[in-house]
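Colleague: Okay, these came from Swiss-Prot:
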- S235: active site, charge relay system (ACT_SITE)
- D325: active site, charge relay system (ACT_SITE)
- H359: active site, charge relay system (ACT_SITE)
- S125: phosphoserine (MOD_RES)
- S414: phosphoserine (MOD_RES)
Amino acid sequence: MMIKLIATPSNALVDEPVSIRATGLPPSQIVTIKATVKDENDNVFQSQAFYKTNEAGEVDLEKTPALGGDYVGVHPMGLFFSLKPKKAFHRLMKKDVMNSPFCICLDLYDSVNWLETVRIPSKASQRVQRWFVGPGVKREQIQEGRVRGALFLPPGKGPFPGIIDLFGVIGGLVEFRASLLASHGFAVLALAYFAYKDLPEKLQEVDLEYFEEAANFLLSHPKIQQPGIGVISTSKGAEIGLAMACYLKQVIATVCINGATTTTAVPLRYQDLVVTPIQQALERMEVHVSGAVCFRHTTQYLQNKNILPVEKAQGKILFIVGENDELLDSKLHAQRAMDRLRRHGRSSGRMLAYPGAGHLIEPPYSPLCFASWQPVLGRPMCFGGDLMAHAAAQEHSWREIQKFFRKHLLQSGSKL
């Protein structure tokens with residue numbers, strides 16, 4: 001019988017699960033399945049797991065437990081979320097979402113194949129294309145007034161619920177989450193706010209009027225549903241997203257993923273208001289055994305007076321926190337914000353805390369990025385996360401994020 005490696009679907013969105021099966025092998029055979037992908041800079045990411053075939057000579061990743069490798073146990077998508085960079089401290093992140101997918105090569109070997117120095121030919125291979133954009137989604141480059149970014153629109157006439165997508169100190173324009181959400185029926189503006197085109201090269205301050213201009217632009221678009229928009233935000237972006245929720249009436253639903261609930265590093269300005277950043281206790285910074293810097297404890301001693309005025313938020317706020325976040329004690333920050341809401345008699349906040357999850361909680365099946373190189377620091381920064389717990393958090397939170405936006409952005413009678 002011919003040995004086969006079957007992966008279905010072989011062409012799908014990155015948040016869709018893939019079924020992987022090996023057939024035509026001898027019974028009780030130890031096999032290796034490897035996954036390999038290159039990013040747009042030719043950095044290689046790889047994972048592997050060792051399995052034992054059943055009496056029919058088959059391995060089904062939905063049923064067969066991995067005996068060893070990058071994970072152990074039954075994890076149908078383990079080869080995807082356990083991908084690791086061959087060169088340390090690289091992060092797998094799609095830049096050109098419209099024109100190409102990540103192409104993941106799956107290879108099957110009929111032995112334990114783990115030595116890089118020994119080349120063994122694979123018995124079967126399969127390619128899987130993982131897209132960040134679905135059929136019919138359109139991308140519009142945005143350069144309106146001061147606003148710089150990319151707007152992703154789902155197929156159809158609309159109007160669609162509108163969302164602004166913000167990332168952190170990575171800067172530039174990050175589009176992969178916006179394009180993926182647009183593939184699920186949301187109109188999403190991936191918004192740059194520094195280190196992009198004619199925007200400031202460095203983040204010297206957060207000018208909230210820039211983000212208000214972006215919110216007004218989005219609401220003025222003919223395909224955007226009224227009366228308000230959502231914000232999805234991560235890290236420094238989540239700090240800005242929370243400030244938008246507090247001060248901008250246009251924002252009615254905000255998702256803050258592992259962000260500070262204070263102003264950090266640089267001041268925040270809005271009209272006549274200036275919010276100075278809290279001081280970080282840099283002497284509490286720790287260095288991980290890998291050499292990556294952990295900032296988790298540098299903002300632990302924040303005072304309640306430093307918390308952004310969440311009670312002023314006119315919309316709903318969803319805090320998503322990883323309890324193993326090594327960049328920020330994000331659970332403490334979110335708890336302080338929730339406490340402030342309660343003291344003001346507000347029930348507009350909700351917190352989802354994930355034990356074992358790290359800082360970079362991304363769409364399902366994204367590889368855990370425990371640490372990555374930060375040019376600004378000249379060394380790697382630690383994000384934390386336990387592989388299995390982090391993967392579970394990404395799956396669950398992605399569903400909850402979409403449910404949250406559907407509930408609070410859609411008018412009664414609308415369908416999505």
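The backbone N, Cα and C atoms fix where each Cβ goes, and this holds for glycine too.
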Colleague: Using all protein chains in view, find how many other C-beta atoms are within 10 Å of the C-beta of S125 (phosphoserine).
Modeller: 14
Colleague: Can you give me the Cα-Cα distance between D325 (active site, charge relay system) and S125 (phosphoserine) in Å, rounded to a whole number?
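Modeller: Here the two Cα atoms are 36 Å apart.
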Colleague: Give the number of CB atoms, excluding that of D325 (active site, charge relay system) itself, located within 10 Å of its CB.
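Modeller: Other Cβ atoms found within 10 Å: 28.
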Colleague: Tell me whether H359 (active site, charge relay system) sits in a helix, a strand or coil according to DSSP.
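Modeller: H359 (active site, charge relay system) sits in coil per DSSP, no helix or strand.
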Colleague: Compute the C-alpha separation of H359 (active site, charge relay system) from S125 (phosphoserine), stating it in Å without decimals.
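Modeller: Between the alpha carbons of H359 (active site, charge relay system) and S125 (phosphoserine) there are 34 Å.
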Colleague: At the level of the C-alpha atoms, what whole-angstrom distance separates S235 (active site, charge relay system) and S125 (phosphoserine)?
Modeller: 38
Colleague: Counting other Cβ atoms within 10 Å of each Cβ, which of the active-site residues S235, H359 scores lowest?
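Modeller: Each of the active-site residues S235, H359 was scored by Cβ atoms within 10 Å; lowest is S235.
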